[in-house]
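Novice: The transmembrane segment annotation in TrEMBL covers 12-38. If you look up TrEMBL, you'll see E174 marked as active site, proton acceptor. What TrEMBL lists as ATP binding site is G203, A204, S205, T206, Q207. As annotated by TrEMBL, region 'Disordered' applies to 454-500. Annotation source TrEMBL lists compositional bias 'Low complexity' at 471-481.
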Amino acid sequence: MSEQREMKEASPGYRTVTIFVAGIAVIALVALVTVGVLQNKPLPQKYKYGIVMDAGSSHTALYIYQWPAEKDNNTGRVTQTDSCRVDGPGISSYASNPRGAGESLGDCMLKARQAVPSSRHGETPLYLGATAGMRLLNIENASASDAVFQAVEAALHSSPFSFRGARILSGQEEGAFGWVTVNYLDDRLTQGQETTGALDLGGASTQISFVSARFDGTESPHNLMTFRLYGNDYNLYTHSYLCYGKDQALRKMLALQTASGPTSLSDPCFHPGYIRTRDYSELYASPCVARSKPQASPRNFTLKGTGDFDSCRTAVKKIFDFSKCNFSRCSFNGVFQPELQGSFGAFSAYYFVLDFLNLTDTSAPMETIKDKLREYCATPWADMQRQHPSTKVKYLAEYCFSGTYILTLLTEGYNFTADTFKEITIIRKIKGSDAGWTLGYMLNLTNMIPAEAPDAPPAAPRRLRVHHGAHGPAAGGPSPLHHLHPQQDSVLQPAQDRMS
Ligand SMILES: Nc1ccn([C@@H]2O[C@H](COP(=O)(O)OP(=O)(O)OP(=O)(O)O)[C@@H](O)[C@H]2O)c(=O)n1
Ligand SMILES: [Ca+2]
């Protein structure tokens, strides 16, 4: 009986299998045709992109950022995927040839077109922010600065990206966005953790930014930036010192030594045996020193190095004014600075210089750091050139000054002590992204940091709220940043940076 039953059941079963196999074959055929048709269409892109150009005083750099396309609800991480260094000097050096400023960006724009998938070009925001070089040019010659911006904007408008404007950042923005970048990359903002201060050293200006429990802006309102990020309020102290980037600081030191218009100068901040002819009109061609130009001077002077670290420190110290302070406490030049708090990340020229000098270990005793600099500065120039044949001569000649300047700025200027100096980490990148103001700038302008934590009720607008002034984080109203219409504001007055 069981055998018979098996026979009866086998027959319809066989038919079922045949129908099933035929069905699969049809589905496979349809799938094959579909894939064939779709092959000519672009696959959906996994990432979205944003581009920021950093038009610094010494050079321009382009940064490309990416984030997961499906995570538009501010939870996807933004990372730097590529960068490009523009050949030649910063855009402020093109005052007498503005078109050259636009043309100089060509190679990096081409690189960006290749790095960003073409299907994303049109929606990819592109920003250009200029810092202290353009602040100085704007002071010196506003129409030249306008012309440079026009040329740069024309070049960027002709790119396939969504160009959202070129403008000069205020010193506070430069400092604050550097702080946002560092803390965003370190994942300190989402958790409401203790934040890290940010130290940025450029060629023409320098910034210090940190959260201080003792600072609510009452004493010095223009040093306060308030943020509400992921549901947490921050009172950020920030100050930008125009003319205290390392190139302008060097000018200031040389200006103090050539006030009487000598034909020759022995300078302790250059290596023994270093000798160079310097042009007076070139040295004094900057608003940072123009006022102290000697009344009568020869055309040029001979700069001779003596390589003496201790005398160099004395000479460097003279560019800081410690004589006046109308606040409870000051850094230098009468600028308010609350007591230092927490850890710091120091980047850009802090990194370039201290990395070259093998002095990035801030836990080393201060005396060891000084001894190393003393020995370094005393090394004859001929030996230096022999030991570093591939280093740019301009950089090589200035590392003794730069190292001494950094040490003086941090300890005497900002009041880092032997103890708190250890709290500084010298950084270039965090998790593959460069430390600097550009990422924080883009995160703000593209609304990518929410004011409230993602799981909190949507009480506040999503935008990163940046207030500036003494009103405190709870004060309503749009931030000054929201008033900016980049096209119109391509030349902002550098009202914030103080000339000393
Ligand atoms: N390998 C390098 C690269 C740069 N530099 C120096 O570092 C300074 C520039 O630092 P950077 O952060 O690039 O300044 P900018 O952004 O151009 O200037 P600013 O922020 O003041 O506008 C310049 O003095 C430059 O000569 C250096 O010593 N070694
Ligand atoms: Ca810079």
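A Cβ is built for glycine as well, from the same backbone N, Cα and C atoms used for every other residue.
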Novice: Near ligand 1, meaning Cβ under 6 Å from any of its atoms: which of the recorded positions E174, G203, A204, S205, T206, Q207 fit that description?
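Specialist: Listed by sequence, the hits are G203, A204, S205.
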Novice: Show which residues of the chain containing A204 (ATP binding site), separated from it by at least 6 in sequence, have their CB under 8 Å from its CB.
Specialist: S57, S58, T131, A132, G133, R135, L136, L242, C243, G245, D247, Q248, C288
Novice: Checking your reading of the structure: which of the binding-site residues G203, T206, Q207 lie inside a 10 Å Cα sphere centred on the residue listed as 'active site, proton acceptor'?
Specialist: T206, Q207
Novice: Beyond the listed site residues G203, A204, S205, T206, Q207, identify every same-chain residue whose Cβ lies within 8 Å of the center of their Cβ atoms for the ATP site.
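Specialist: Going along the sequence, the neighbours come out as S57, T131, A132, D200, L201, G202, S240, Y241, L242, Y244, G245, K246, Q248.
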Novice: Taking the Cβ of E174 (active site, proton acceptor) as the centre, how many other Cβ atoms fall within a 10 Å radius?
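Specialist: Looking across every protein chain shown, the total is 29.
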Novice: Check S205 (ATP binding site) against DSSP and tell me helix, strand or coil, would you?
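Specialist: Assignment for S205 (ATP binding site) reads strand.
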Novice: Which state, by DSSP, holds the residue listed as 'active site, proton acceptor': helix, strand or coil?
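Specialist: Its secondary structure by DSSP: helix.
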